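As written in TrEMBL, here are the features:
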DOMAIN    108-393  domain 'Sugar phosphate transporter'
REGION    408-430  region 'Disordered'
TRANSMEM  59-77  transmembrane segment
TRANSMEM  98-122  transmembrane segment
TRANSMEM  134-159  transmembrane segment
TRANSMEM  171-189  transmembrane segment
TRANSMEM  195-217  transmembrane segment
TRANSMEM  229-246  transmembrane segment
TRANSMEM  252-276  transmembrane segment
TRANSMEM  288-307  transmembrane segment
TRANSMEM  322-342  transmembrane segment
TRANSMEM  349-370  transmembrane segment
TRANSMEM  376-393  transmembrane segment
Amino acid sequence: MEKAQEEMVYSIHHKKTTKPSERYPYDLICFRHTFTKTNSIFSFHCSLPYFPTIRSDPFLLFFLFIHHFPYLSIFQKTRKKQQHNRTMGKGGSLSDNVIKNIILSYTYVCIWIFLSFTVIVYNKYILDKKLYNWPFPISLTMIHMSFCATLAFLLIKVFKFVEPVSMSRELYLSSVVPIGALYSLSLWLSNSAYIYLSVSFIQMLKALMPVAVYSMGVLFKKETFKTDTMVNMISISFGVAIAAYGEARFDSWGVMLQLGAVAFEATRLVMIQILLTSKGITLNPITSLYYVAPCCLVFLLVPWIFVEYPVLKDTSSFDFDFVIFGTNSFCAFALNLAVFLLVGKTSALTMNVAGVVKDWLLIAFSWSVIKDTVTPINLFGYGVAFLGVAYYNHAKLQALKAKEAEKKVGQADEEGERLIEERQGEGSVK
């Protein structure tokens, strides 16, 4: 068994008090231990509020230094009581601000799940030949892109809701255009799959997204190959294969379309890291629509002219139902706005976890309302894939926590070194 790594940070919160109600001034001394074992972080806090002043007892400082802690950092902060009051209410319960933030976070999650759920079911309703019977996925995607690009322009340029990103023409052509091409292909293929596959089975196939993203990340050297991660990816793929085997309405062409959509979407996510994030450019969902949607519209125009325009012309399907397509496009834009709020208030990982809940809700809805056939083999296979995806999200969360803890420890050490130097300077002046 590997020996657990242990990091210790010794912190002294130096705070003099001269209140009349206290007989003697004192120093507040707080020890903070941070133990790192595998990926788990545990913190233990012990405060000794009535220690004698440490500057008057250098032997105590020397004893604590050599006996307990290999690392010493000294930095000034506010009282522990003030820190306690910021997180706890007067009666010992969570403060109103914390409760408000928790409620808001859950509200954003519920809004995102509802809108994502609505857009998927709405698209299925429009494209399915047995329902609304308008099987033109390129046209539907172009309507979405036109609507979203217009609203994004209004929010950024007119209402100043979001600040635009400074971007040169060269950067737009070299970075945004390739991402727009991949995004248009992903949307085209994913919407096309709704014509041939059930909503429940499409959600099961989407469980392959972590596998595709990790594989593309390793291919483009944005992810490090790890045996345990690859084993997890294989387990997810195995579960999806079982679900596909048990699918009652299996369609090879529909499966190829959905797998192609997953592959293009995974490539797009990796390309965002390579072409934009690595250059210090971060696009939120609103600015992404502002820059990417017009590009997608241009790319989709080419296949639309050759694939769907002749059929639309011959079947006289140009009749535009403003209620259906207007509300559908508005839901698609609202979904992007919900992503902007959810990621801004919580994290992208929270959205991934919420996506798992949404997938199960869609499967239940597809079976109970749309009357799609969901077999026990379907559920067993997706259950295996679900466990793999849950483990993947858990590993990502632990990695983020470990990285954040290391960052905080590093900041504390830097602050401690700076204050030690300042105190040494004060001592030399005296």
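The backbone N, Cα and C atoms fix where each Cβ goes, glycine too.
Proximity of the transmembrane segment (171-189) to the transmembrane segment (98-122) is not established, fewer than 3 Cβ-Cβ distances being under 8 Å for residue pairs spaced 6 or more apart. Between the transmembrane segment (288-307) and the stretches 134-159, 195-217, 229-246, 322-342, 349-370, it is 134-159 that has the most C-beta pairs under 8 angstroms. No contact links the transmembrane segment (229-246) to the transmembrane segment (322-342), because fewer than 3 Cβ pairs that are 6 or more residues apart lie under 8 A. Looking at which of 134-159, 195-217, 322-342, 349-370, 376-393 has the most CB pairs under 8 Å to the transmembrane segment (98-122), the answer is the stretch 322-342. Stretch with the most C-beta contacts under 8 angstroms to the transmembrane segment (376-393), considering only 134-159, 195-217, 322-342, 349-370: 195-217. The average pLDDT the prediction assigns to the domain 'Sugar phosphate transporter' (108-393) is 91.
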